[in-house]
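Participant: Got these off Swiss-Prot a minute ago, pasting:
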{"type": "BINDING", "residues": "Gly169, Asp170, Arg171, Gln172, Thr173, Gly174, Lys175, Ser176", "note": "ATP binding site"}
{"type": "SITE", "residues": "Ser373", "note": "site 'Required for activity'"}
Amino acid sequence: MQLRSSEISELIKYRISKFNAESEMQDEGIIISISDGIIKIYGLNNIMQNEMIKLPEKTFAIALNLEKEIVGAVVMGSYFHLSEGMKVYSTGRILEVPTGNNLLGRVLNALGEPLDSKGDILHDCFSPIETIAPGVIDRLSINEPLQTGYKSIDSMVPIGKGQRELIIGDRQTGKSSLAIDTIINQKDSNIKCIYVSIGQKFSTVVKTVEKLKEHDALSNTIIVCATASDSAVLQYLAPYSGCTMGEYFRDRGEDSLIVYDDLSKQAIAYRQISLLLRRPPGREAYPGDIFYLHSRLLERSARVNEIYVENFTKGKVKNKSGSLTALPIVETQGGDISSFVPTNLISITDGQIFLESNLFNSGIRPAINPGISVSRVGGSAQTEIIRKLSGNIRTSLAQYNELSSFAQFSSDLDDSTKKQLQHGEKIIEILKQKQYSPMSLSKQALLLFAVQNKYLDKIKSSEVEKYENSLLKHAEKKYSNYMEKINKSYIYDDFVIKKLKKIMDSFEFF
């Protein structure tokens with residue numbers, strides 16, 4: 001066989017023209033130590049803070065410590081298959097979780113993976129768990145109410161859409177119950193809810209899911225769960241994942257509510273991670289950036305304007321503002337609200353609801369201390385009817401508390417003092433409310449009208465609960481159309497006063 005040089009040269013030219021010399025740059029590192037879920041990696045010179053690191057066997061880690069030559073990362077999941085000398089790779093991506101309407105009614109872990117055996121999630125998109133909070137120009141003032149369904153909160157410590165209201169108290173004082181009742185109260189509204197459970201028993205989470213399902217509120221709620229048996233990194237990430245899911249609705253011109261139950265557990269998990277990473281400990285062994293841990297999370301809760309929503313959706317949604325309201329919960333020890341994490345959260349949030357053990361044990365539920373509970377948004381987050389009817393409630397309770405402590409040392413009291421004490425007792429009784437029974441705006445307005453116009457003076461304190469139940473049944477039975485109008489209008493004028501007076505005057509209590 002004879003080879004021609006011209007054919008050989010043509011073949012070589014053809015092969016050269018078709019040769020593809022594309023290559024992919026990949027940042028590579030080597031594991032040099034493993035301990036308690038923390039890996040130290042040599043290399044990865046171009047890695048970002050909080051970047052995902054690809055490990056062998058489809059495992060990932062998050063880069064938290066960026067030193068000169070070493071990267072400290074925390075493994076998400078089991079780390080027993082890892083060993084020193086293994087190669088790892090940077091991904092160039094921050095951790096992302098699924099978002100969208102299809103998450104409603106589902107129970108997820110901190111990574112957005114389903115835990116409820118209902119199959120895979122058909123998500124709209126993935127979003128990074130760490131995002132920059134909206135700027136000052138993008139925000140609106142908080143002037144729309146978010147009804148909790150609790151008489152004591154809606155009248156004295158009102159919460160507005162986009163607000164951050166801290167719920168603080170010792171264990172077993174009704175913090176979670178208050179937040180869950182608030183979620184239940186949103187079932188007939190367009191407010192989407194996210195409940196983030198951090199460091200609780202899985203059985204407790206199951207009970208919460210069952211209660212929401214029982215009250216038809218689960219279909220409007222996303223449950224994000226990092227239980228006590230989960231790793232510290234999942235407990236640390238869960239609030240950020242839940243916040244990202246809530247931002248999906250906020251940025252598209254909808255209203256959403258998120259509950260963090262509770263952030264003291266997240267702080268403990270972050271302290272554990274930081275100590276394992278050999279970060280220098282500060283007060284109560286927490287790292288120096290513990291304040292930033294919570295501030296960057298809670299600042300993402302806001303009410304954003306129409307321009308922000310329009311720009312975010314690229315013109316698909318117009319003339320709509322969105323909001324993300326946060327109810328962070330923090331647990332205190334022995335009523336000490338001056339400890340490190342509670343004081344941090346008090347300074348970050350727009351108000352706080354203090355729940356006290358002695359009030360809870362004496363039968364006052366919710367066990368709110370009105371003297372030190374406050375909403376920094378104030379009356380601007382209340383409906384007109386509730387604002388005008390509840391104006392003197394806090395003052396009356398303050399006078400009652402002052403007089404009741406004075407009355408312990410005096411046997412003879414004048415008639416006016418006795419009347420004030422009796423009036424205060426009846427206000428406390430009327431503000432009591434059972435769990436899982438949020439109250440509509442019209443019912444709250446009717447009861448506050450009864451308090452303001454001294455209708456309760458005719459009955460004994462022990463009969464207030466019975467009086468309340470009978471009055472509400474009477475209003476529902478004979479004036480249901482009008483009660484429904486109050487729920488929609490929020491206005492308090494002469495016509496409303498006349499109608500409320502008619503309901504009260506037509507009611508006979510036996």
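Don't overthink the numbers, they just go from 1 along the chain as shown.
Each Cβ is built from the backbone N, Cα and C atoms, and glycine gets one as well.
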Participant: What's the CA to CA span in angstrom from Asp170 (ATP binding site) over to Ser373 (site 'Required for activity')?
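Facilitator: Cα-Cα distance, Asp170 (ATP binding site) to Ser373 (site 'Required for activity'): 15 Å.
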Participant: In the same chain, which residues outside the set Gly169, Asp170, Arg171, Gln172, Thr173, Gly174, Lys175, Ser176 have their CB within 8 A of the centroid of the CB atoms that define the ATP site?
Facilitator: Glu331, Leu355, Ser357, Phe360
Participant: For Lys175 (ATP binding site), which of the three DSSP-derived states applies: helix, strand, or coil?
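Facilitator: Reduced to three states, the DSSP call for Lys175 (ATP binding site) is helix.
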Participant: Fill in the CA-CA distance, Ser176 (ATP binding site) to Ser373 (site 'Required for activity'), as an integer in Å.
Facilitator: 17
Participant: Taking only the Cα atoms, work out how far Gln172 (ATP binding site) lies from Ser373 (site 'Required for activity'), in Å, as a whole number.
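Facilitator: Each residue's Cα considered, Gln172 (ATP binding site) and Ser373 (site 'Required for activity') end up 18 Å apart.
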Participant: Can you tell which of Thr173, Ser176, Ser373 has the most other C-beta atoms within 10 Å, given these are the recorded positions?
Facilitator: Thr173
Participant: Quick one: give me the count of other CB atoms within 10 A of the CB of Gly174 (ATP binding site).
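Facilitator: Total other Cβ atoms inside 10 Å, all chains included: 18.
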Participant: Could you state the CA-to-CA distance between Gly174 (ATP binding site) and Ser373 (site 'Required for activity') to the nearest Å?
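Facilitator: Rounded to a whole number, the Cα-Cα distance is 15 Å.
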Participant: Quick check on the binding-site residues Arg171, Lys175: which one has the highest count of other Cβ atoms within 10 Å of its Cβ?
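Facilitator: By the 10 Å Cβ neighbour count, Lys175 comes out on top.
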Participant: Provide, as an integer number of angstrom, the distance between the C-alpha atoms of Arg171 (ATP binding site) and Ser373 (site 'Required for activity').
Facilitator: 18
Participant: For Gly169 (ATP binding site) and Ser373 (site 'Required for activity'), determine the Cα separation and express it in whole Å.
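Facilitator: Rounded to a whole number, the Cα-Cα distance is 11 Å.
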Participant: Give the distance between the Cα atoms of Lys175 (ATP binding site) and Ser373 (site 'Required for activity'), rounded to the nearest whole Å.
Facilitator: 14
Participant: Measure from the CA atom of Thr173 (ATP binding site) to the CA atom of Ser373 (site 'Required for activity') and give the result in Å, rounded to a whole number.
Facilitator: 15
